[in-house]
Amino acid sequence: MATIRWPAPAKLNLFLNVNGRRPDGYHELQTLFIFLDHGDWLEFEPLPDTDQLTLSPAIPGVPDEQNLIIRAARLLQARLPSPQGAHIRLEKLLPMGGGIGGGSSDAATTLVALNHLWQAGLGEDELAELGVQLGADVPVFVRGRAAFAEGVGERLQPVELPGAWYLVLKPDCHVATAAVFQDPDLPRATPKMAFHNLLEGEWKNDCELLVKKRYPEVANALGWLLEYAPSRMTGTGACVFAQFEDEKAAREVLAKVPKRWDGFVAKGENISPLFVTLQQISDWDIAKR
């Protein structure tokens, strides 16, 4: 059987409002997630009768106990009736510290793929509950649908957004999410609004001004991109993005991007490429019976 390549797609926060800080230190948010048809790729080779997990290539500076891929697999292993292991191969295309969900998406793909390959039998809700232990963004990747998120990101309302193309730039810096949310200068008082009102209003990112102040390269990239199209930062950065009606317009601007920044063009997707892959595999399995 041919090895299956499982996608771990990027996401964008089309807006991000910080509504307040909870007593436990987490923040109340309202945000809108959409997936992109661009991301990392993972391959999984199941290893029966062992709990061994290996990842290649290793991510420099990230030990196994901190790696979200290994941590996701360990969480799933704990739900199995008998030992199962895996050798995992990662093709890393998404930047770390970029605000486009690279680590969270890898974790979600690991949960979804190994749940299938190990025949663990966990449902979507159970996988999402495991995912939230790894990060607030993991459940949206597990569920695989563009969504309006509230709370700390755990309350998800699926949405259907118009098709669009995006140009994403990665400034040459790494933004730590925890540092942004711990910063005393972060705005934390945006009033909560109903989703339909948010859709009709001006989309913004409450983290953007702070991150631009702390990371001048983000401000430079955003300023450059704003010359061509309305642009915002995604998540807590460092990536910034602009929306276009068609691929041609986005690629014309990509061709002009200064060499000091990495960038890519991708299509927005309401259904995650991971969800599409899982459905295709499930259909193949049914057809073989």
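Cβ from N, Cα, C; glycine included.
Residues or ranges marked as active site in Swiss-Prot (evidence: sequence analysis): LYS11 (among others). When secondary structure is read from DSSP and collapsed to three states, LYS11 (active site) falls in the strand class. Cβ-based neighbour count (10 Å, all protein chains) for LYS11 (active site) stands at 27.
DSSP assigns GLY97 (ATP binding site) to coil in the three-state reduction, placing it in neither a helix nor a strand. Taken from Swiss-Prot, the feature ATP binding site covers PRO95, MET96, GLY97, GLY98, GLY99, ILE100, GLY101, GLY102, GLY103, SER104, SER105.
What Swiss-Prot lists as active site is ASP137 (among others), and the listing cites sequence analysis. Non-local neighbourhood of ASP137 (active site): LYS11, PHE33, GLY101, SER104, GLY153, GLY235, each in the same chain, at least six residues away, with C-beta under 8 Å from its C-beta. According to its DSSP assignment, ASP137 (active site) is coil.
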If you count Cβ atoms within 10 Å of the Cβ of GLY101 (ATP binding site), leaving out that atom itself, what do you get? 30
All chains considered, the count of other Cβ atoms within 10 Å of the Cβ of SER105 (ATP binding site) is 31
Neighbour count (Cβ, 10 Å) for GLY99 (ATP binding site): 30
For the binding-site residues PRO95, GLY97, GLY103, the one whose C-beta sees the most other C-beta atoms within 10 angstroms: GLY103
Given the ATP site PRO95, MET96, GLY97, GLY98, GLY99, ILE100, GLY101, GLY102, GLY103, SER104, SER105, its other Cβ neighbours within 8 Å of the Cβ centroid, in chain order, are ALA10, LEU94, GLY235, CYS239
